[in-house]
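Residues or ranges marked as Zn(2+) 1 binding site by Swiss-Prot on the basis of sequence analysis: His69, His109, Glu145. According to Swiss-Prot, the feature Zn(2+) 2 binding site maps to Glu145, Asp179, His216, Glu261, an assignment based on sequence analysis. What Swiss-Prot lists as Zn(2+) 3 binding site is His182, Asp229, His231, and the listing cites sequence analysis.
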Amino acid sequence: MKRLGAHVSIAGGIENAPLNARAIGATAFALFTKNQRQWKSPPLLPASIEAFRQNCADGGFEMRHILPHDSYLINLGNPDPLKLERSRAAFIDEMQRAESLGLELLNFHPGSHLNLSTPDECLRRIADSINMALEHSSCVTAVIENTAGQGTNLGNRFEQLAALIEMTDDKSRVGVCLDTCHLFAAGYDLATADAAGETFREFDRVVGMRYLRGMHLNDALHPVGSRLDRHACVGKGKIGLDAFRLVMQSPAFEEIPLILETPDSDGWAEEIRMLYGLQ
């Protein structure tokens, strides 16, 4: 089964996330487990944790279909030792928060070298950060999101994702989330069914489909290779519907969270219905 959803709000309490997902007809969802604009947040209350788990169960959401995202403040490749330490501590906290909720995944952007080190040195720092976080948690999988390649962000090439996985000690607890807008912006063509098929075959060759743990289904405002991370509603950008039809019809994308991060949250329910209609 295809598991579609969106990145929903936790306003009023994290236990509201599954309710918000259910309201749009989702069968998966993404969320932040804290205020993503702050380095530190108070611990989750036991009552909120219990209510979150109960609402997930009541809504039919399995934990493997929920894709929490870490704070955008975190840079696991930061060349500054003090800032790197702060990012690592925050990432470990994110892993432990996810674990306390019973979640199985944590989605994150790999990191940036800020023109202060080589890309290879930055990849090593990111991999070391992943290994540290896995040592400080017991069951959550670190899910690396591909990037558009803006600025000095790494993770825009499949080879970089493969390198991070190779340097991760416990490969059973590392995976990838493919964002379609980021793929397109990074130069991987998705504008036709043939092009999209070749892009996913290349991912399989370089990284391996066995590591795919989720996707962000976003169209792109800018042309292929722009390196600009600007999302559009599905079918209303430069990608078009062919790639999304392929995802919805291919068995390779079964039973992983397929998450909308498109700009019109009021239209998510309709986008979900439209995507299911592509099957």
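Don't overthink the numbers, they just go from 1 along the chain as shown.
A Cβ is built for glycine as well, from the same backbone N, Cα and C atoms used for every other residue.
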Measuring C-alpha to C-alpha, could you say which of the binding-site residues His69, His109, Glu145, His182, Asp229, His231 are within 10 Å of Glu261 (Zn(2+) 2 binding site)?
His231
Out of the binding-site residues His69, His109, Glu145, Asp179, His216, give me the one sitting nearest to Asp229 (Zn(2+) 3 binding site) by CA distance.
Asp179
Just to verify a number: CA distance, His109 (Zn(2+) 1 binding site) to Asp179 (Zn(2+) 2 binding site), in angstrom, no decimals.
11
Between His69 (Zn(2+) 1 binding site) and His216 (Zn(2+) 2 binding site), what C-alpha distance do you get in Å?
11
Give the sequence-ordered list of residues that share a chain with His216 (Zn(2+) 2 binding site), lie 6 or more positions from it, and have CB atoms under 8 Å from its CB.
Glu145, Cys177, Leu178, Asp179, Thr180, Cys181, His182, Ile259, Leu260, Glu261
Of all the binding-site residues given, Glu145, Asp229, Glu261, which has the fewest Cβ neighbours within 10 Å once its own Cβ is left out?
Glu261
Taking the mean position of the Cβ atoms of Glu145, Asp179, His216, Glu261 as the Zn(2+) 2 site, which residues outside that list, in the same chain, have a Cβ no more than 8 Å away, listed in sequence order?
Asn107, Asn146, Cys177, Leu178, Thr180, Cys181, His182, Met215, Asn218, Ile259
Once near-sequence residues are set aside, which residues in the chain of His231 (Zn(2+) 3 binding site), 6 or more away, have Cβ atoms under 8 Å from its Cβ?
Cys181, Asn218, Asp219, Ala220, Leu221, Gly237, Glu261, Thr262, Pro263
Env. residues of Zn(2+) 1 site, Cβ within 8 Å of mean position of His69, His109, Glu145 Cβ:
Asp70, Asn107, Phe108, Val143, Ile144, Cys177
